[in-house]
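Participant: As annotated in TrEMBL:
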- Asp37: active site (ACT_SITE)
- Asp37, Glu223: Mg(2+) binding site (BINDING)
- 38-42, Arg50, His54, 82-84, Trp86, Arg88, Arg204, 210-212: substrate binding site (BINDING)
- Asn85: active site, proton acceptor (ACT_SITE)
Amino acid sequence: MIEVNKLINLFKKPAKKRKINKIDDTRIPSHIAIIMDGNGRWAKARQLPRTFGHKAGVEALRDVIKTASNIGVKYLTLYAFSTENWSRPQDEVSALMQLLVDYLKKEVGELHSNNVRINTIGDIEGLPRIAKIEVKNAKALTKSNSGLCVNIALNYGGRDEIIRGIKKLYKDVEDGLSIENLQVEEFAGYLDTTNIPDPDLLIRTSGEYRFSNFLLWQSAYTELWFTETYWPDFRGEDLIGAIVDYQNRTRRFGGI
Ligand code: IPE
Ligand code: IPE
Ligand code: MG
C-alpha cells in the first residue's frame, strides 16, 4: 500500500526552479519602468538617517543598469524624483539633488563607454541649477549612443506631463493645427516620452501598490510587478525574476 507521505508528495506542487535559468532572451521587454521605492524605510530599519538609504540605492541602480544593458533592454525609465517629492524636508530634497549631481559626475563616463544613452522625462527646468547643468552635460555626452537608454524621471509627475503636453498642443493649435481629429498617437507625441514606446513592464519595490503619479498615460497596458524588497536591496537578479514573470503572462490589449 502506498504510504500517506508519498501520496501527499504526489499532490505537492513541484519545487520552483530558479527563475534565473528560465529567461527567454528572444522576448526581453523593450521598455522597463521602475519606481525605486523604500530607501527611507531601508535606512530606518538600520537606524540610519533616510539619506543613507538614498545613497545605498545607488548600488542597486548600478547593478540594475548593468543587467538591463547586458540582456538587451532598450529603455529603462527610473522614477528618481517626483513633482510631489518637493514636499519633503528641505535637507532631504537637497541631499537627493546632490546625490543626482554626484552620481552623474562619477558615473557618466563609464555609462558612456558602455554605449548607454542618458535621457530624462519631467520638467528639468524646475531643478536646481547644478542638477540642470549635470543632466544637460550627461545627455549631450551620450546622445549618439545606441545601447540602453536610461531615462531618468526628474521633477516628473504624470499629471504635470499631461498638462505641459496640452500647453504645447495648444500652441500648435494657435498656429493652425486642427484638433478635430486628434489621435491618441498624435497626443502621445506631446508628452515627455515622445519617441519612446510605452513601458512593457512596470516594477515597484518596497511593497507599495500604487502609481504615485508615474507614467499615467503610458501605463495603459503595462504589466505591473511588485516586490516587498526595498530599493537598496534590489539587484539585477531581481530584475531577471520580474522579467521571467512578465514572460509568463499573456498580454491581450483588450482583445481575446
Ligand atoms: C524612494 O525612496 C526614493 C525617492 C522617493 C526619491 P523613499 O525615500 O520614498 O523611501 P520610503 O518610501 O520613505 O521608504
Ligand atoms: C514615488 O515614491 C517617487 C519615487 C520613487 C521617486 P514616493 O515614496 O514618493 O511615493 P508615495 O509618496 O509613497 O506614494
Ligand atoms: Mg517612498
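Residue numbering: from 1, along the chain as shown.
Glycine residues also receive a Cβ, built from the backbone N, Cα and C atoms like all the rest.
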Participant: Between the Cα atoms of Gly38 (substrate binding site) and Glu223 (Mg(2+) binding site), what distance do you get, rounded to the nearest Å?
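Facilitator: Cα of Gly38 (substrate binding site) to Cα of Glu223 (Mg(2+) binding site) measures 21 Å after rounding.
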Participant: Using DSSP, would you call Glu223 (Mg(2+) binding site) helix, strand or coil?
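Facilitator: In three-state terms, Glu223 (Mg(2+) binding site) counts as strand.
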Participant: Using DSSP and collapsing to three states, where does Gly40 (substrate binding site) fall: helix, strand or coil?
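Facilitator: Reduced to three states, the DSSP call for Gly40 (substrate binding site) is helix.
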Participant: What residue among the binding-site residues Trp42, Trp86, Phe211 has the most other CB atoms lying within 10 A of its CB?
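Facilitator: Of the binding-site residues Trp42, Trp86, Phe211, the highest Cβ count within 10 Å belongs to Trp42.
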Participant: Which of the recorded positions Asp37, Trp42, His54, Thr83, Trp86, Phe211 have a Cβ less than 6 Å from any atom of ligand 2?
Facilitator: Asp37
Participant: Could you round the CA separation between Phe211 (substrate binding site) and Asn85 (active site, proton acceptor) to a whole angstrom and send it over?
Facilitator: 14
Participant: Ten-angstrom check, please: count other Cβ atoms within 10 Å of the Cβ of Glu223 (Mg(2+) binding site), all chains counted.
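Facilitator: By my count, 19.
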Participant: Within 10 Å of Arg204 (substrate binding site), Cα to Cα, which of the recorded positions Asp37, Asn85, Glu223 are there?
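Facilitator: Within 10 Å of Arg204 (substrate binding site): Asp37.
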Participant: Among Asp37, Trp42, His54, Asn85, these being the recorded positions, pick the one whose CA is nearest to that of Glu223 (Mg(2+) binding site).
Facilitator: Asp37
Participant: Cβ under 6 Å from an atom of ligand 1: which of these recorded positions qualify? The list is Asp37, Trp86, Arg204, Phe211.
Facilitator: Asp37
